[in-house]
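**Student:** If you scroll down you'll find the structure; I have some questions about it.
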Amino acid sequence: MTEELDNTPSPAGDIPQETLPKPLPAPEETAGEQPAAAPEENRGNAVREEEEAAPVLEQIDINELRKRPLNDLQEMAEGLPIRNAASLTKSQLVFELGKQLLAKGHEVVVSGVMEQAKDNYAMLRDPVKSFRTSPDDIYLGGNLIKPLHLRVGQQIKVRLRKLRPHDKYLSAASVISVEDIPAEDYRARSDFERLTPLFPKERLLLENKGVNSAAMRVLDLMTPFGKGQRGLIVAPPRGGKTVLLKTIARSIRANYPEVELIVLLLDERPEEVTDFEETVDAPVFASTFDEPSRRHAQVSDLVIERAKRLVEMGRDVVILLDSLTRLARGYNANQTGGRIMSGGLGSNALEKPRKFFSAARNVEEGGSLTIIATCLVDTESRMDEVIFEEFKGTGNLEIRLDRELSERRIYPAISLSQSGTRNDDRLYNEQEFVKIMQLRRQLAMKPGWEGLQTLLQNISKTQNNAELLLTGLR
């Protein structure tokens, strides 16, 4: 019936418009009152108002919490249900704060260096703590590792999830970035072992007016450094190796700020570690002499893996290691089983130190890894002698420090006749190489300490090595 009425033509067209009933006027709106909305509109408005009223919780970075002093963290914990906050260590307090912030709905992120724990999971360690195990380390599950083909030593940033009742660590929910590349754009690189090794070709000049120029100028003339060098600083006790290594670090940082410089100190005195951290603008990873040997092995493993990942990215990396002897001692003490060889070394004790040192190389695909390591001699230890003999022929650069020169207070105490670089002609241009060979022949005609003293006197009279090579020895 309704359809029939709707389809019937309206008679309004035949009736004058003025005779039609006028529409009722709209009701007047009372001032200050809004017209009533439909129930659906009311519900929609209410939802929008709730969304607008909901507070936006700020993103929290665990790395920023780690930088803050303990007093600040304790103040943050005052309004949170954290038991005995005043008695917790800084790392424990960071863990508890992260746990509470996640429970409140904050987005919590953190970055760290990946260390493989077992086949199905890994941990993100804090580089600032030299990769020491800590309560605020981050658990990284296999479900995040396998899809992206993540590797040990990579810098990874993750987003954390709320903790479950039996969780012992803060746990990653998703990967945000790998080596500062967004996770969705990241692609696995060629493995370090598959890259093509080459001779060092590009020079690392150490001469710099801002540091001990004399020592660095001697090294540039007698033992030139190249990117991808594998060098040994062979030193007796109190021969000045630590000071020389520190000066090399400062020169590289001043001349090549783009180079990834890493300092690794093993079995070292705590005050020496602090001195390096304060005077060298580079990450310092250390394991002091009061820590167990397995700790020496752990930090060295992570440092070399971190360096390999950087080389895979095409970076130039320099590792300064003090010392290779202590690294070998640490692996030897950490070894279980096997035969005992000469000097008390285990049959397989030098396998990992050898792999560490042999990783130094220039790479055809781009990037390089340079390792300059100190090696102890004249310590009256048979083990140290065996370690030195094992590594003696593996490097392509050797700097020999002389005890007689150091006793005469001649620094740097470098033995000119016993120091040198293999294939150094690749690092000099032709004219420079001719001048260098003339200089070395002149110095070789003098006794050891007289030759070095003559060179240092000529260095003090010239502004730079270029001037010295042009004028010759005086």
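The backbone N, Cα and C atoms fix where each Cβ goes, and this holds for glycine too.
Annotated ATP binding site per Swiss-Prot: Gly226, Lys227, Gly228, Gln229, Arg230, Gly231, Arg238, Gly239, Gly240, Lys241, Thr242, Val243, Arg269, in sequence order, evidence recorded as sequence analysis. According to Swiss-Prot, the feature domain 'Rho RNA-BD' maps to 107-182. Annotated region 'Disordered' per Swiss-Prot: 1-60, in sequence order.
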**Student:** Say we define neighbours as other CB atoms within 10 Å of the CB. Which of the binding-site residues Arg230, Arg269 has the fewest?
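**Tutor:** Counting other Cβ atoms within 10 Å of each of the binding-site residues Arg230, Arg269 gives the minimum at Arg269.
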**Student:** For the ATP binding site, please report the maximum Cα-Cα distance among Gly226, Lys227, Gly228, Gln229, Arg230, Gly231, Arg238, Gly239, Gly240, Lys241, Thr242, Val243, Arg269 in Å.
**Tutor:** 30
**Student:** Which residues of the same chain, at least 6 positions away in sequence, have a Cβ lying under 8 Å from the Cβ of Gly226 (ATP binding site)?
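**Tutor:** Long-range Cβ contacts: Phe199, Pro200, Lys201, Glu202, Arg203, Leu204, Asn362, Thr370, Thr421, Arg426, Leu427.
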**Student:** Under 8 Å between C-beta atoms and at least six apart in sequence, can you list the same-chain neighbours of Gly240 (ATP binding site), or say none if there are none?
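**Tutor:** In sequence order, the residues whose Cβ lies under 8 Å from that of Gly240 (ATP binding site) (at least 6 apart) are Leu401, Ser406, Tyr411, Pro412, Ala413.
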**Student:** Within the chain of Arg238 (ATP binding site), which residues six or more apart in sequence place their C-beta under 8 angstroms from its C-beta?
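**Tutor:** Listed in sequence order: Ser406.
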**Student:** Any same-chain residues 6+ apart from Thr242 (ATP binding site) with CB under 8 Å of its CB? Would you list them in sequence order, or say none?
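**Tutor:** Sequence-distant Cβ neighbours: Glu272, Asp322, Thr374.
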**Student:** Which of the three DSSP states, helix, strand or coil, fits Thr242 (ATP binding site)?
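**Tutor:** Thr242 (ATP binding site) sits in a helix per DSSP.
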**Student:** Neighbour count, 10 Å Cβ-Cβ cut-off, for Gly228 (ATP binding site): what number do you get?
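**Tutor:** I get 26 for this one.
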